[in-house]
Amino acid sequence: MDALTTFDHIIINANLATFSAQYGFDTYADNKDSISAAAKSTPYGQLENAAIGIKDSKIAWIGAHTQITPYLTHYQSQQITDADGHWITPGLIDCHTHIVYGGNRSNEFEARLHGANYQDIAAQGGGIVSTVRSTREANIEELFAQSEKRLLALVKEGVTSIEIKSGYGLDLKTERKMLKVARALGDKHNIHVSTTYLAAHALPPEYKDRVDDYIEQVCQWLPILHSEGLVDAVDGFCENIAFTTEQIKRVFEVARSLNLPVKLHSEQLSNIGASALVAEYQGLSSDHLEHLVEDDIKKMATSNTVAVLLPGAFYTLRDTKLPPIEELRKHQVPMAISTDCNPGTSPLTSLLLAMNMGCTLFYMTPEEVLAGATVHAAQALGLAHKGRIEVGCDADLALWDITRPADLAYQMGLNPIEGIMIKGAWR
């Protein structure tokens with residue numbers, strides 16, 4: 001029997017943005033010494049008039065539409081999707097989110113616009129302490145229901161994999177509750193969820209003036225939650241207003257002992273060596289990066305650490321310090337884009353809008369931001385079989401009614417999704 005007759009599902013008459021090096025994708029071809037690299041690169045790794053064969057939830061074959069048409073009679077109609085010349089990308093990946101939380105902080109948003117500053121809001125029990133309080137008070141069913149709405153908003157725009165952090169519990173009971181909700185969201189909606197332990201996010205009120213004592217607790221909770229199957233990676237907030245590199249290093253040492261990958265909120269407000277620390281531990285990603293310097297970029301390039309850029313926070317905070325995009329290009333550091341969905345500084349549940357912000361605010365190209373929401377986002381989560389349309393990769397795909405891939409970053413407020421495939425099944 002011919003191999004082209006044995007797929008579980010086939011997609012025909014499609015244009016593909018593969019983001020695969022096998023099809024010429026190379027974001028940084030223009031930054032390489034070889035002139036031929038740029039000449040050989042294909043924007044988006046695109047293939048036109050193509051077809052895909054899917055078997056056992058994986059991409060099993062990619063070829064020309066004309067190659068598969070003689071075999072269509074071997075398939076039932078429900079096994080065939082005619083893309084009608086529209087574009088297919090890898091399913092989008094939101095690689096930095098805080099979507100599991102309780103409460104709402106729109107009152108603080110309003111207060112700031114009436115002139116209140118951070119200190120005023122904090123004095124009234126607002127800020128992150130407000131979210132911690134609401135998250136602790138919510139039971140697991142309430143927390144799931146609130147968080148599910150945010151997840152589904154992202155899925156409706158083509159997101160098939162998502163990272164979800166803890167970090168609004170700041171005690172063992174609530175950190176566990178948050179991570180359980182994250183797992184449950186993935187299970188219910190058949191979407192890949194990468195969980196990240198972020199207890200080193202802020203200092204809880206009960207540990208005021210006892211930062212080192214709290215970090216000791218963070219280190220003790222990690223093996224417990226990992227043993228319960230709740231932790232895929234470890235994160236921290238490394239800033240003058242949060243935790244020092246030495247304190248984060250203590251957490252990273254525990255992560256290393258458990259063979260857990262690390263990442264870090266780095267260089268958002270200042271530079272205290274956070275990205276250099278991530279690189280020292282061969283971390284998956286360093287995130288925010290407005291104050292990143294070239295020496296640390298070189299270290300990230302050596303450690304293959306992804307730069308995760310978060311324009312939603314930049315926008316919400318009205319920041320003016322741009323991340324060093326040109327230097328990241330120069331040293332060929334992969335750049336990812338994410339919503340950073342959180343209640344305080346980026347209440348954003350649109351990865352498409354984050355991509356547009358990456359172009360408009362950070363001067364990234366449409367190809368860079370779409371790569372940043374697919375292949376580079378997958379790298380930022382250590383997901384080797386996601387983020388590309390390539391034989392052997394997971395069949396997580398998004399079908400779009402667009403004329404060219406750049407439309408996804410160009411349009412605002414219009415969702416051109418036509419179909420979402422997760423693990424080989426349309427939803």
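Keep in mind that glycine also has a Cβ here, set from the backbone N, Cα and C atoms.
Fe(3+) binds His96, His98, His265 as Swiss-Prot records it, and from the list Asp8, Asp171, Asp187, Asp340 the residue named for this site is Asp340. The annotation in Swiss-Prot ties Asn342, Gly344 to N-formimidoyl-L-glutamate, and of the candidates under consideration, Tyr44, Tyr71, Tyr75, Tyr168, the one tied to the same site is Tyr168. Of the listed candidates (Arg105, Arg427), Swiss-Prot assigns Arg105 to the same 4-imidazolone-5-propanoate site as Tyr168, His201, Gln268, Thr345. Comparing the Cα of Thr345 (4-imidazolone-5-propanoate binding site) with the Cα of every entry in His96, His98, His265, these being the binding-site residues, the smallest distance points to His98. Between the farthest pair of Cα atoms in the N-formimidoyl-L-glutamate binding residues (Tyr168, Asn342, Gly344), the distance is 11 Å. Shown are the binding-site residues His201, His265; of these, the residue with the fewest other Cβ atoms within 10 Å is His201.
The N-formimidoyl-L-glutamate site is set by Tyr168, Asn342, Gly344; from the centre of their CB atoms, other residues of the chain with a CB within 8 Å are His98, Tyr101, Arg105, Ile128, Thr131, Gly167, Pro343, Thr345.
For His98 (Zn(2+) binding site), the same-chain residues lying six or more positions away in sequence with a CB closer than 8 A to its CB are Ile164, Lys165, Gly167, Tyr168, Leu198, Asp340, Cys341, Asn342, Pro343.
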